[in-house]
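> Straight from TrEMBL, here's the annotation block:
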type	residues	note
COMPBIAS	A:1-11	compositional bias 'Basic and acidic residues'
REGION	A:1-21	region 'Disordered'
TRANSMEM	A:39-61	transmembrane segment
TRANSMEM	A:73-93	transmembrane segment
TRANSMEM	A:113-139	transmembrane segment
Amino acid sequence: MSDWNREDPLDRNPPGGRASPLRRAIGLGSSGSGAHHWWLQRVTAVALVPLSIWLVASLIAHARDGQQDLLAWLGRPAVAVTMAALWVILFWHMKLGLRVIVEDYVHADRMKFAILIVVDLVSLALMAIGVFTNLYLALH
Amino acid sequence: MPSSRPRPRSPDVRIYKPQLTSVLSIAHRATGVLLSAGSVLLVAWLVAVADGSNAYAALDGFLRSWIGIILLVGWTFSLFYHLCNGIRHLSWDMDFGFELASIYLSGWLVVSASVVLTLATWIIGMAAGR
């Protein structure tokens, strides 16, 4: 291992880090919100590994299906629960990822503010539409 | 503060030689944006299936047209690239593979794996969906 290993990369408050003593004590860093965003992006990324493989495999398996076959498949409780979980985690991950991209490349304050609101609202709307459609198909 | 002041550029993207590392880094973001657009279509597809009107037949017809296939192949590659490179990022977070040689090796591995997985998916998918 390299000498990167001297400090634990998951340690949110490494000694000798850039945070001031007070910030280090509070544990929030310069952004004021700590490593919350960073951590959630990793958690959702890990969850998306099996979920996205499941999605691709399922879509291949149902490539021949007509609408009625798809409705029967989507009505199965395990499929509905897995797909609903996919929407929540996928759109959460999307919301976090798009936010970082906007923050990095859009420097005009008003434009950044507007785009971030659109990103958050569209992500939450897609999450809600996906979850409720799956519930509807499973319970109808 | 004026809302749009000149920002420093470092490295200057106009004169900086592209490297595998920087190209893969920006490709991770680009595929993330493409997949965001694809996920909108995925939800639209689910709603169309549930709706029971002519929406499903129209969307299904579009996705099976040549432009639909091109989009789906692009999204398949983007998904596998973002997935493989995401795993590469997660391993860095755990301090694995941070030496320069490892970074280049894992970079080429990610590119090869994405191409192979995309081809495999479409070969299996075309065989199954015929």
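The backbone N, Cα and C atoms fix where each Cβ goes, glycine too.
Thinking about packing and proximity, how do these listed features fit into the structure?
Non-local neighbours of the transmembrane segment (A:73-93) in the same chain are 40-41, 44-45, 47-48, 51-52, 54-55, 58, 62, 65, 123-124, 126-127, 130-131, 134-135, 137-138, 140; each lies 6+ residues outside the stretch with a CB under 8 Å from one of its CB atoms.
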> Where else in the chain does the transmembrane segment (A:39-61) make close Cβ contacts, counting only residues six or more beyond its ends and a cut-off under 8 Å?
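Distant Cβ neighbours of the transmembrane segment (A:39-61) are 79, 82, 85-86, 89-90, 92-93, 96-97.
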